[in-house]
């Protein structure tokens, strides 16, 4: 799917004004091997525990984007090389992490988009804590399962519905 977030913003100024198209804060860095990705959102809300991330990525991604609201924690990584490979294998379009990743070199080789706040060498806990498929608030932007995510080098858009066919 070819698109530019800049063009989508220009073409949908009415949606931006109405709040049905939103722009995430420009704080996410690219780590995956794919720099432009889009798809309907699947959501996770968790904190310093990536058990649910693995569970989600083990499912058929069907071109979806996994949005991981890790509370913005910079104390450990929620996605690493093994999970990047799992996302690629299972057909996920991308992962947006409000938190950290690790194994940056491995993630760069995965054919999946990965955006995160930073890299961190420490792994997360594995307690099975968190919530899946619920609305999340990522840095002030509400994302509900099924919202459309569009990401490229210029930013990340969240739309209530698909903007492209």
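The backbone N, Cα and C atoms fix where each Cβ goes, glycine too.
According to Swiss-Prot, the feature substrate binding site maps to 80, 81, 82, 83, 102. Within the same chain, residues at least 6 positions away in sequence whose Cβ sits under 8 Å from that of residue 102 (substrate binding site) are 77, 79, 80, 81, 119, 120, 121, 122, 123.
DSSP assigns residue 103 (divalent metal cation binding site) to coil in the three-state reduction, placing it in neither a helix nor a strand. The local packing around residue 103 (divalent metal cation binding site), expressed as other Cβ atoms within 10 Å of its Cβ over all shown chains, amounts to 21. The divalent metal cation binding site annotation in Swiss-Prot covers 103, and the record cites similarity to another entry as its basis.
Of all the binding-site residues listed (81, 82), 82 has the fewest other CB atoms within 10 A of its CB.
In this structure, residue 81 (substrate binding site) is part of a helix by DSSP.
Geometry remark: residue 83 (substrate binding site) versus residue 103 (divalent metal cation binding site), CA distance 10 Å.
Among the residues 80, 81, 82, 83, 102 said to bind substrate, no two Cα atoms are farther apart than 10 Å. Annotated substrate site 80, 81, 82, 83, 102; additional same-chain residues within 8 Å of its Cβ mean position, judged by their own Cβ, are 77, 79, 84, 85, 101, 103, 106, 107. Cα of residue 82 (substrate binding site) to Cα of residue 103 (divalent metal cation binding site): a distance of 9 Å.
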